[in-house]
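Below: the structure, in structure tokens.
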Amino acid sequence: MLDTNLLFNHFEWVAKKLARKNFVLNFDELNQYNDLRKILQKKIEKLQIDRKNLSKTIILAKSQQINLQSLQKQARLLNQKLILIKSEIRTLKSKIKQYQLSIPNIPDDEIPNGFKDQDNIEIMRWGKVHKYDFKLLDHITLGKLIGGIDLSSASKITGTRFIILKGEIAYLHRALSQFMIDIHIQNHGYIEYYLPYLINVESLYGSGQLPKFYDDLFHTQSVVSVNSSKCSTYTLIPTAEVPLVNIMRSVTVHKNELPIKMVAHTPCFRLEAGTYGYRAHGLIRTHQFDKVELVQVVHPDQSVQALEEITNHAEKILQLLELPYRKMLLCAGNISFTSCKTYDLEVWLPARNEYCEISSCSNIRDFQSRRINARFKDGINKRSKLLHTLNASGVAVGRALVAILENYQLENGCIKIPEVLSPYMNGMTHIHYQNK
């Protein structure tokens, strides 16, 4: 959420910045709300002065033994007016807040303008894209030959865009997540968290998923008890970022406790209505997928550098797996609702002959902290200040699995296991096709 003073006092500047995200700031609606709020606030102030003066008059009348009936009636009417106007201003403030919650974060000046993938800037490439002298198979074909990917059973059990992994493919998938977590804990200094997969509405507002992305989420509803008509509503997490960020809700830390670095491996659930064609093929875009998520909570002066660091941490996973990738600086129209600057890491998929996003690394600045009231004190000033938050996929486990299957396939009918994963798979070096 944007700072209220910034929004109202520098409206044109904010509107110009948000236009880069293709967001139109409705000045008339916002100004109307604000003008009405000021009018009501002045009425409250006048009524409070009138009530104070009336109280003095009543005290004086009591001392002079004057009949208080008329004065007490005036006092009751004043209180009723105050209650009514305060109720109106609460409703108005709620409307203003709801509008504020629909406004995205301001993009950094340094990121490029644009709304298409072609407007993103390639920062660098890492690794060698191999040339194969045999016919390449995609990850679904490879998975079926190995007997490790079962789409039909998943469709029968649940529906489309779900998967079942089994055998050595499931083993490889598990090894990947364990490897990633270990690297981030042991080498990068993160603390591991085990998190709820169901979250409440406050958490979704706090992280910025609501109100915009309601229709992209899986919502549940359960009866509190057999004898009760009350229902409890929760939502399945779209990313571990949501519960990780909300750990800091209504928390104030000392600056010496910063940075706070958190990591979690969770399934993620996204409805994401719409069609993606071949881009949704297989494990590329499913309703349920696993991801290792990184979140950093830092001093405002450190978030620019922290974005480079958290991105490097995600890159390190791809480098250790020896998977070719490229690093993209996203244009203003492509960054997320909450982000002010984002790097995407795109891994090379040889069967598709293209790069595919495997990690998104973003600086959120104080956008989430203002929603969740996450603050710090420096020990000098009594007043606390808002923290900055950052997040990154470290990385998407399913897409890493896809990249390994396709990049490590061999002509003799095997999948070579990356060297760093072999210790996580009891020393295995290859996965063989079922018919071998």
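Glycine residues also receive a Cβ, built from the backbone N, Cα and C atoms like all the rest.
Swiss-Prot lists Thr239, Ala240, Glu241, Glu293 as binding L-serine, and of Ser152, Ser384, Ser393 the one it places in that same site is Ser393. Geometry remark: Ala240 (L-serine binding site) versus Glu357 (ATP binding site), CA distance 18 Å. Of all Cβ atoms in the shown protein chains, 17 besides its own fall within 10 Å of the Cβ of Glu357 (ATP binding site). Take the Cα of Glu272 (ATP binding site) and measure to each of the binding-site residues Thr239, Glu241, Glu293, Ser393: the nearest one is Thr239. Annotated L-serine site Thr239, Ala240, Glu241, Glu293, Ser393; additional same-chain residues within 8 Å of its Cβ mean position, judged by their own Cβ, are Val242, Leu244, Ala264, Thr266, Cys268, Lys291, Val292, Leu294, Val295, Asn391.
Using a 10 angstroms CA-CA radius around Arg270 (ATP binding site), the binding-site residues that qualify from Thr239, Glu241, Glu293, Ser393 are Thr239.
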